[in-house]
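Annotated features in Swiss-Prot:
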BINDING   H64, H93  heme b binding site
MOD_RES   V2  N-acetylvaline
MOD_RES   T13  phosphothreonine
MOD_RES   S45  phosphoserine
MOD_RES   K60  N6-acetyllysine
MOD_RES   K83  N6-acetyllysine
MOD_RES   C94  S-nitrosocysteine
MOD_RES   K145  N6-acetyllysine
Amino acid sequence: MVHLTGEEKAAVTALWGKVNVDEVGGEALGRLLVVYPWTQRFFESFGDLSTPDAVMSNPKVKAHGKKVLGAFSDGLAHLDNLKGTFAQLSELHCDKLHVDPENFRLLGNVLVCVLAHHFGKEFTPQLQAAYQKVVAGVANALAHKYH
């Protein structure tokens, strides 16, 4: 559960309505793989990840980034039940994929950076603070199965 004020929730929802999930998802996942290269080990089947340009232009990275942000969108629609919303993904990432749950926090922080880049001055410090709460809540929900 994420504790947002009514104003924060409205601002988060309003901005998210402007997000191009295809573009932002691919960029966020791509940046995660470039900035934290050890995360690439979970994506060995994606082909060429040998350079930042290769990562950022990789169609499988873009497609999976879109999928990730689709799940994030579901989370935004269920902020009062993030653990329930992400229960299956938490189980998959823990039991089958063995993803270090710290990676969820890293991806959330990268997503906030990408949103700031895309929205510039519209992404105010107050909106950033609200999004940090959301990505922390999502990361916590995804890590729930690990506890």
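Including glycine, each Cβ sits where the backbone N, Cα and C put it.
Structural mapping of features recorded in Swiss-Prot.
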residue : record              : CB count, 10 Å
V2      : N-acetylvaline      : 20
T13     : phosphothreonine    : 13
S45     : phosphoserine       : 6
K60     : N6-acetyllysine     : 15
H64     : heme b binding site : 17
K83     : N6-acetyllysine     : 16
C94     : S-nitrosocysteine   : 17
Inset, instruction - Whole-number Å only: compute the distance from the Cα of the residue listed as 'S-nitrosocysteine' to the Cα of K83 (N6-acetyllysine). - result: 14
Inset, instruction - Filter the modified residues T13, S45, K83 down to the ones within 10 angstroms of K60 (N6-acetyllysine), Cα to Cα, kept in sequence order. - result: S45
Inset, instruction - Just give me the nearest neighbour of S45 (phosphoserine) among the modified residues V2, T13, K83, Cα to Cα. - result: K83
Legend entry - For the residue listed as 'N-acetylvaline', the one of T13, H64, K83 that lies nearest, given that the recorded positions are compared by Cα: K83
Inset, instruction - Round to a whole number and give the Cα-to-Cα distance in Å for the pair H64 (heme b binding site) and K83 (N6-acetyllysine). - result: 21
